[in-house]
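K.L.:
As annotated in Swiss-Prot:
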- 205-234: repeat 'ANK 7' (REPEAT)
- 238-267: repeat 'ANK 8' (REPEAT)
- 271-301: repeat 'ANK 9' (REPEAT)
- 371-400: repeat 'ANK 12' (REPEAT)
- 470-499: repeat 'ANK 15' (REPEAT)
- 531-560: repeat 'ANK 16' (REPEAT)
- 599-628: repeat 'ANK 18' (REPEAT)
- 633-662: repeat 'ANK 19' (REPEAT)
- 666-695: repeat 'ANK 20' (REPEAT)
- 768-797: repeat 'ANK 23' (REPEAT)
- 800-829: repeat 'ANK 24' (REPEAT)
- 938-967: repeat 'ANK 28' (REPEAT)
């Protein structure tokens with residue numbers, strides 16, 4: 001909030017501050033604006049209310065001042081008057097209808113302000129006008145919270161007397177008691193507890209009032225709560241007790257009090273850390289640690305990750321505390337779960353004094369930690385030369401490798417502190433020692449662009465052209481030093497932009513400096529690794545422009561030589577990774593810009609695919625071809641750019657492309673791909689360049705087919721505006737209308753339909769005779785069906801005899817079927833397809849009972865037979881659809897005596913497929929012996945079939961109904977044949 005100079009304010013404001021009513025009247029009479037706003041949107045009435053001058057407030061209001069005006073923090077004059085504890089001002093404002101429920105930007109009402117500012121009289125005036133004193137602000141705090149936080153005992157008393165909820169909690173579930181305890185207001189704490197406040201209440205993170213008091217060192221509150229008998233070792237959600245919190249915050253007096261009251265000094269939290277761990281690590285925990293150790297705290301207790309209190313002192317360099325722990329029995333070489341001792345940790349963080357304390361106390365400097373590294377490894381890796389010097393003084397085998405074969409010299413080279421390298425070399429470290437991947441310390445120094453380390457190692461005789469297991473030399477690693485990784489660490493936020501740029505430039509210079517030094521010392525840039533990549537490839541891949549320039553100076557033919565040695569040329573690598581400056585260097589010396597990688601892709605293809613517009617521009621300006629196709633998909637750079645919607649790249653390519661409709665292996669044009677992927681800008685640009693909207697791929701699909709299929713609305717609209725053909729058919733005869741109906745795009749379907757029906761040759765059948773109505777019904781798109789049925793053209797079935805009604809019921813789209821019947825005629829329920837099957841057959845085939853009910857309610861013929869003589873019941877029975885069979889037998893009363901062309905009844909068919917439940921449902925309605933023993937064309941009775949398929953319950957039921965066990969089929973087999981469970985045996989059991 002700005003502080004304004006009074007002399008710069010309007011005369012009316014100055015008069016209010018001077019308290020001169022006569023001058024104010026005169027100014028108002030001279031038409032001074034009583035509602036004028038300052039820079040903070042405060043009015044003269046805000047000023048008067050702040051000053052608490054009731055007479056001037058009255059005068060301003062009577063002169064037209066707005067009583068509920070809000071400043072830019074939404075504070076009203078009433079808020080200001082209450083904050084100033086002016087009882088008279090509050091009374092005047094309320095008399096003139098000031099809003100007692102007005103909220104500022106923090107949702108605080110005048111009562112909140114009164115509670116926070118100890119405006120007791122003001123609160124007494126306001127409260128009778130409120131419906132509740134428990135209104136919360138944006139943080140969920142009530143007036144009681146504010147009074148407790150600020151220690152206003154009388155205000156707390158008043159609020160409680162007026163019905164304040166003593167256990168109301170804010171958005172973090174903190175009660176007024178939490179805030180009073182944290183701030184150390186003993187009288188308020190006692191008052192709240194006496195009025196029934198829950199002394200063991202917890203906030204969302206499990207903190208109790210005891211935790212709150214302990215964290216802020218409120219010793220009197222802690223004593224009071226302990227005297228009330230609260231659980232001293234109560235934990236929050238992290239498992240921390242009040243003792244943990246006190247130690248973490250360095251509250252030694254509270255720690256002493258808690259220990260005296262019997263707090264568990266070895267209580268672990270959820271991660272296994274005790275109060276001693278916290279005291280060892282915290283900034284002000286020295287006295288806390290002394291108290292804990294003197295009261296029996298276990299100095300060697302370990303957390304879940306194996307860290308002892310001594311480890312914690314090592315992390316933060318608390319060497320005095322480490323001495324205390326060691327003197328009290330702290331195990332100096334205890335290891336955490338990674339195998340690190342406190343000495344490893346101290347070396348990692350560079351705490352020389354602590355290292356000295358540990359070594360003096362007998363710490364093992366040759367102890368292996370994480371990955372079998374010495375403390376010296378960690379000190380060297382993190383460039384702590386003083387720590388290295390201290391650790392070297394203890395003496396051990398300096399070239400001992402870790403789990404990856406790396407010596408301390410490898411670590412120092414990676415860390416980049418040349419002093420560490422010199423110390424190790426002077427102690428006899430072998431600079432040609434290799435790790436398990438064949439890398440020397442020089443490889444590590446080069447990979448991290450540590451120039452002085454490289455210089456030192458080379459000067460002392462390191463082999464500059466030594467190759468590792470991948471065939472890479474230090475020169476390869478220097479060329480491949482990763483600037484992008486540094487960028488990722490810094491992030492891409494606006495505030496880091498300048499630092500990012502500086503870091504990038506610095507790393508580029510370092511890489512060039514390292515490369516130049518290596519080249520001057522006879523490093524061979526032509527050496528290829530096992531993948532055929534040389535230094536040029538790596539410099540190009542990682543975008544080191546200066547490195548490439550150095551290499552060009554060294555050997556002008558080197559770039560051309562690099563193009564034929566590996567699957568990808570330097571040009572490809574620079575283009576793919578978007579390094580346009582490196583690319584420009586390469587382009588200066590390369591002849592063939594259209595060289596292909598192993599998949600036939602050019603550098604321009606890769607740059608376009610990745611969206612690197614600057615690289616695309618550089619390649620085009622040097623004459624790279626935009627029409628070269630790869631070997632796999634036969635795509636061009638135009639196709640590559642639209643796949644990911646890289647419109648800037650596409651625009652550059654189209655400026656030099658002769659044909660925007662070039663096709664790939666599937667016959668797809670860039671426009672088709674742009675529409676398919678929904679890249680609106682790319683579609684717009686291609687249409688501007690007059691790309692063909694009616695071109696079809698090898699399957700006959702156009703861009704419009706793709707747009708409708710993928711649902712990209714704006715792309716479709718742009719195509720329609722170009723008068724695209726909407727009746728074009730794909731290889732299966734489907735038009736965009738078919739696709740719209742199949743995908744449920746009713747709006748497009750309506751628009752396309754209007755255009756289609758206005759054309760002379762309007763054929764809307766695909767190669768199988770299916771119309772858009774078939775497709776809409778099959779996929780259950782009611783909105784599309786509604787659109788189609790609005791046209792008389794679709795109010796009669798035509799096309800494939802497997803009608804739209806068949807399509808609807810076979811997929812259980814009951815509403816769609818109902819719409820068809822209502823719009824056309826109920827007679828369609830008995831229409832037949834080429835095999836003589838009705839929609840009832842289709843519904844029975846798919847076991848859709850609701851559709852069966854619908855069809856039969858519109859007089860579908862339940863016993864209609866198809867060309868094979870099968871009824872709907874037979875369909876359901878043969879396919880084992882219990883629901884459909886049950887409905888057709890028991891509700892629809894289907895004829896059970898009907899037979900198909902092979903003389904099978906529905907019972908035969910159910911039994912033949914092993915559908916026992918269906919067979920039993922049918923059998924339950926059969927009493928006639930003629931049906932029980934009915935024979936099909938193979939002379940088989942239901943008993944033959946049931947017995948052969950092992951349907952025991954069906955066999956039992958058939959026998960109970962008198963089925964003949966002596967019936968013989970055409971193979972002279974009786975129903976008790978050897979392949980089945982014996983029907984005769986079943987009869988004997990009965």
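Heads up, the Cβ atoms here are built off N, Cα and C, so glycines get one too.
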K.L.:
Let me spell it out: take the repeat 'ANK 18' (599-628), skip the flanking residues so only those 6+ beyond its ends count, and list any with a Cβ under 8 Å from a Cβ in it.
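P.N.:
Those are 569, 571-572, 574-580, 583-584, 587, 593, 635-638, 640-641, 643-644, 646, 648-650, 652-653, 655-659, 662, in sequence order.
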K.L.:
Can you tell me which parts of the same chain pack against the repeat 'ANK 12' (371-400), counting only residues 6+ beyond its ends and a CB-CB cutoff under 8 A?
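P.N.:
The answer is 339, 341, 343-344, 346-352, 355-356, 359, 365, 406-409, 411-412, 414-417, 419-420, 423-424, 427-430, 433.
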K.L.:
According to DSSP, how is the repeat 'ANK 20' (666-695) divided among helix, strand and coil residues?
P.N.:
16 helix, 0 strand, 14 coil
K.L.:
Below 8 angstroms Cβ to Cβ, which residues of this chain, lying six or more residues outside the repeat 'ANK 19' (633-662), approach it?
P.N.:
601-602, 604-613, 616-617, 620, 626-627, 668-671, 673-674, 677, 679, 681-682, 685-686, 689-692, 695
K.L.:
Please give the sequence-distant neighbours of the repeat 'ANK 20' (666-695): residues at least 6 beyond its ends with Cβ less than 8 Å from one of its Cβ atoms.
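P.N.:
Result: 633, 636, 638-639, 641-647, 650-651, 654, 660, 701-704, 706-707, 709-710, 712, 714-716, 718-719, 722-725, 728.
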K.L.:
With Cβ-Cβ distances below 8 Å as the criterion, list the same-chain residues six or more beyond the ends of the repeat 'ANK 8' (238-267) that contact it, or say none.
P.N.:
205-206, 208, 210-211, 213-219, 222-223, 226, 232, 273-276, 278-279, 282-289, 291-292, 295-298, 301
K.L.:
Using a Cβ cut-off of under 8 Å, list the residues of the same chain at least 6 residues beyond the repeat 'ANK 9' (271-301) that approach it.
P.N.:
238-239, 241, 243-244, 246-252, 255-256, 259, 265, 307-310, 312-313, 315-316, 318, 320-321, 324-325, 328-331, 334
